[in-house]
Amino acid sequence: MREHRPVIALDFPSFEAVKEFLALFPAEESLYLKVGMELYYAAGPEIVSYLKALGHSVFLDLKLHDIPNTVKSAMKILSQLGVDMTNIHAAGGVEMMKAAREGLGSQAKLIAVTQLTSTSEAQMQEFQNIQTSLQESVIHYAKKTAEAGLDGVVCSAQEVQVIKQATNPDFICLTPGIRPAGVAVGDQKRVMTPADAYQIGSDYIVVGRPITQAEDPVAAYHAIKDEWTQDWN
């Protein structure tokens, strides 16, 4: 099922910065928030508890990648935080992904990273020594993710349709690199607008700087949300 709220990437260096940002929004507004490595390492698990206590949904974006037992144990801890979604690297293998699913349980969605949206095909081939196309690599990882029993993948919006064809229509495709038209793309190579992401079949979109660094973050959020949901029935 598609998520109507754009997921806001809380790319802040401290707990206080998050509090200042969230204070801009009405207290009754429930947001979907992404906590990444920078914030989690700066603020610790308490940041997740804080956001959940405010009534927000949380995507904990730590991209775990380790041996199966270690990932399973880590996921058991994360399950206690009440996160709504978290992720791992598909490159860790099917056994690692299965272990992660077992450790997390079924109360939260578990998705896998295929190829980072900052990765170009040339970079993948040169540094990862994967001698296929970028799309073929993404499809391979998506199939293995589905085989492992996960809920979906993180992928570029350009890859959503082929991933759903290769897996199933309900397989979640969460797409970062979403930018409204006219906004700088930053360090992401494969980007798309919210409206385009909807048309191509994305289930979740992640937006960071176009909201968090906007002159009016609340207005920017609602403009992106309106664009994302404008064609929903």
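Cβ coordinates come from backbone N, Cα and C, glycine included.
According to Swiss-Prot, the feature substrate binding site maps to Asp11, Lys34, 61-70, Thr117, Arg179, Gln188, 208-209, an assignment based on sequence analysis. Look at Swiss-Prot and you will find Lys63 tagged as active site, proton donor.
Packing around the residue listed as 'active site, proton donor' is summarised by its Cβ count: 16 other Cβ atoms lie within 10 angstroms of its Cβ, all protein chains included. If you take the C-beta of Pro68 (substrate binding site) and look for same-chain residues 6 or more apart in sequence within under 8 angstroms, you find Glu95, Met96, Lys98, Ala99, Ala100. Rounded to a whole number, the C-alpha distance linking Gly208 (substrate binding site) with the residue listed as 'active site, proton donor' is 17 angstrom. Cα-Cα distance from the residue listed as 'active site, proton donor' to Asp11 (substrate binding site): 15 Å (rounded to the nearest whole number).
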